[in-house]
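*Asks:* Checked TrEMBL, it gives:
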- 42-153: domain 'C-type lectin' (DOMAIN)
- 157-263: domain 'C-type lectin' (DOMAIN)
- 258-381: domain 'C-type lectin' (DOMAIN)
- 1-18: signal peptide (SIGNAL)
Amino acid sequence: MAMKSCFLLLLLCGAVCGLGSVVVKEYFDRHGSSWHKHGHYTWLEAQSFCRSSPHYTDLATIFEASDEDQINRHFYHAWVGLYRTTWYYWKKSKLRWKWAWTNGDIEWNRWADNEPDDSNDCAAVAYSQGPDFNWNRRYYTADCEERAFFFCEKSGSGGDEFMFLPESKTWAEARQYCQSQSADLASLQRSGDVDSAVVEQDFPVWTGLHRKGGTWKWSSGLSEYRNWAPQEPSNRGNCVSISSRNKTMSMQNCNHRFPVVCFRTNLVLVKENKTWEEALEHCRALGSSAQNGLRYELVSVQPGPDHEYVTTKVKEADTEEVWAGLRFLAGNWLWMNGATLSFPDLPLCPPVRQHCGALSKNATDGLLLADCSEERNFLCYSTY
């Protein structure tokens with residue numbers, strides 16, 4: 001037993017004492033001004049995109065109201081009435097290409113860098129944040145069959161009215177819709193019009209919440225959090241979006257196309273039954289086999305939101321409790337990664353067969369003490 005304790009103490013030598021929370025919960029969107037950064041997806045396409053990326057875990061799962069503040073999806077592309085057409089160059093009796101507005105005007109000088117790309121025939125305005133954190137309004141070309149939001153323009157006695165439509169359409173579909181409303185795709189060519197119309201807007205963004213077989217589920221993780229918009233949940237569909245500005249949830253047809261926010265966590269639940277020491281070795285072996293240089297450890301937790309979030313992951317386990325990185329060694333309770341121990345109620349002299357820490361599916365149970373030789377699932381975390 002003494003030799004085993006010495007071995008475990010050696011494993012602690014690389015730990016960083018005083019380490020705080022190790023749990024990572026982050027939300028990512030496809031930020032950037034270029035067109036491909038603003039893709040619109042069906043719900044299944046969005047899920048596939050997030051899961052297939054090496055940088056993300058899944059579609060966004062929201063666990064508490066503060067998570068919504070991390071979803072900063074304010075930038076967008078929107079179709080306008082700018083397109084490439086032909087004109088007759090009479091001096092050389094040839095047809096030439098030109099960029100023109102649907103109202104017939106041709107003057108324009110607000111292209112983004114390296115634009116216009118004459119391999120595309122349609123244009124959209126991008127509302128995006130630059131390296132200086134200022135909001136930019138620049139025009140980009142795109143394949144007319146891409147999908148984006150759009151601006152309509154309606155002329156009246158009081159002047160031009162610009163309307164932002166948060167619906168995903170091709171350029172032709174967008175123009176057809178505007179014309180059905182006695183309007184047209186917007187000719188946003190005056191700087192004053194651009195600056196007043198192209199501002200922060202409210203539009204749907206896919207989350208991982210969906211309904212399957214009458215049951216609400218998240219694409220990844222368990223969460224009871226809901227923040228429904230008025231008159232929701234409705235019966236418009238089985239997938240759920242969050243509004244970019246108001247952060248309220250709405251049901252949507254899963255085949256509709258919207259921007260996406262992905263989610264990343266560094267927690268890895270291993271659904272294999274192992275003793276505490278086997279679990280510790282398994283987590284660390286994950287690091288040695290990783291191609292990205294990450295290190296893995298049995299998880300440590302801190303009281304409060306940190307513990308509550310970890311519990312949502314524990315609820316996915318096949319066992320009632322999972323191993324954590326807590327161990328009683330040389331008369332002290334220690335996290336194997338050297339993290340600060342913030343659970344003062346742990347016994348100073350635990351029973352002989354209760355020298356390892358486990359986490360329960362019930363968050364109110366806190367940390368449980370268990371026989372290290374028992375086998376259960378376990379929770380690892382990676383260092384980003």
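Cβ coordinates come from backbone N, Cα and C, glycine included.
All TrEMBL annotations are machine predictions without curation.
What's the neighbourhood like for each of these?
*Replies:* When DSSP labels each residue, the domain 'C-type lectin' (157-263) comes out as 17 helix, 41 strand, 49 coil, counted as helix, strand and coil in that order.
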*Asks:* So what's the average pLDDT for the domain 'C-type lectin' (42-153)?
*Replies:* 82
